[in-house]
Amino acid sequence: MSVAGLKKQFHKASQLFSEKISGAEGTKLDDEFLDMERKIDVTNKVVAEILSKTTEYLQPNPAYRAKLGMLNTVSKIRGQVKTTGYPQTEGLLGDCMLKYGKELGEDSTFGNALIEVGESMKLMAEVKDSLDINVKQTFIDPLQLLQDKDLKEIGHHLKKLEGRRLDYDYKKKRVGKIPDEEVRQAVEKFEESKELAERSMFNFLENDVEQVSQLAVFIEAALDYHRQSTEILQELQSKLQMRISAASSVPRREYKPRPVKRSSSELNGVSTTSVVKTTGSNIPMDQPCCRGLYDFEPENQGELGFKEGDIITLTNQIDENWYEGMIHGESGFFPINYVEVIVPLPQ
């Protein structure tokens with residue numbers, strides 16, 4: 001820095017110190033200028049805040065945002081064109097539903113519904129990706145340019161104006177001690193900077209409809225996202241309602257105990273022509289008989305009670321649910337699903 005530059009910096013610092021510490025008054029700018037300066041300051045703050053909050057709106061998870069930023073930085077360093085996309089919550093939920101829907105199988109009503117919902121969630125994630133790209137290109141990038149160019153340029157003019165004001169005020173108070181030419185130059189430079197700063201702020205604020213247009217584009221993108229999401233969800237809701245109606249019309253199956261599978265050696269113990277010893281009866285195995293799988297306590301007249309493992313002689317099949325048989329000299333009816341046939345009734 002030149003000697004003249006050092007002197008000017010000293011003058012500015014001296015004047016600033018005088019104003020801050022001693023309470024000396026500097027040159028006051030007009031109210032209209034100060035109002036424009038205030039609006040520019042607020043605009044600077046709101047643009048910075050909107051850029052941050054819009055990113056949070058599109059990508060709410062800070063950990064994912066940090067990871068994504070790191071991965072994309074590494075990709076750029078490596079010269080890779082393809083970047084990693086933000087994992088949308090709809091997509092993550094859709095992946096979960098698809099995974100377990102497929103595990104439940106095609107014969108599961110719940111499983112099939114999970115697959116339908118999962119596929120719809122994946123579609124919504126794609127729509128959200130489109131929103132991210134659209135908003136970045138049409139809203140975030142223009143705002144970033146506004147911050148980096150227009151507002152930065154205005155800030156530069158205001159900073160330069162403040163420096164020249166301090167230099168002007170310092171020299172104005174020392175008229176007679178400082179050459180008149182230096183004072184005159186300080187006045188000219190101050191007025192020049194004021195005019196530049198004032199014009200740049202005026203032009204920016206007069207054209208703020210451009211920012212309104214950017215907001216309108218952002219809202220249009222958000223509306224399109226919600227419209228497409230609504231269509232996907234409405235179609236999904238119709239499918240689920242149809243699935244519920246279809247499931248309601250299917251007759252309910254009744255639970256039937258399934259007999260435990262046993263090997264022939266476990267069932268017979270000996271050849272079918274031998275006699276099996278049971279609790280209280282010796283029954284030749286060449287006549288129709290069955291083995292009790294569970295204890296059966298008769299509740300109605302005519303029913304035949306027995307214990308698990310008892311061998312019952314079969315005399316008749318009443319219908320698809322009941323047998324007639326004998327044990328311990330007593331005869332009666334008993335449910336088919338309580339026994340396992342050893343020697344079937346003749347056809």
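Every residue gets a Cβ built from N, Cα and C, even glycine.
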Of the residues SER108, SER229, SER265, give the one that Swiss-Prot describes as phosphoserine.
SER265
Write down the single range among 13-33, 118-138, 181-201 that appears in Swiss-Prot as coiled coil.
181-201
For the region 'Interaction with ARC' (218-254), distant same-chain residues with Cβ under 8 A (at least six beyond the ends):
54, 109, 112-113, 116-117, 120, 123-124, 127-128, 130-131, 134-135, 138-139
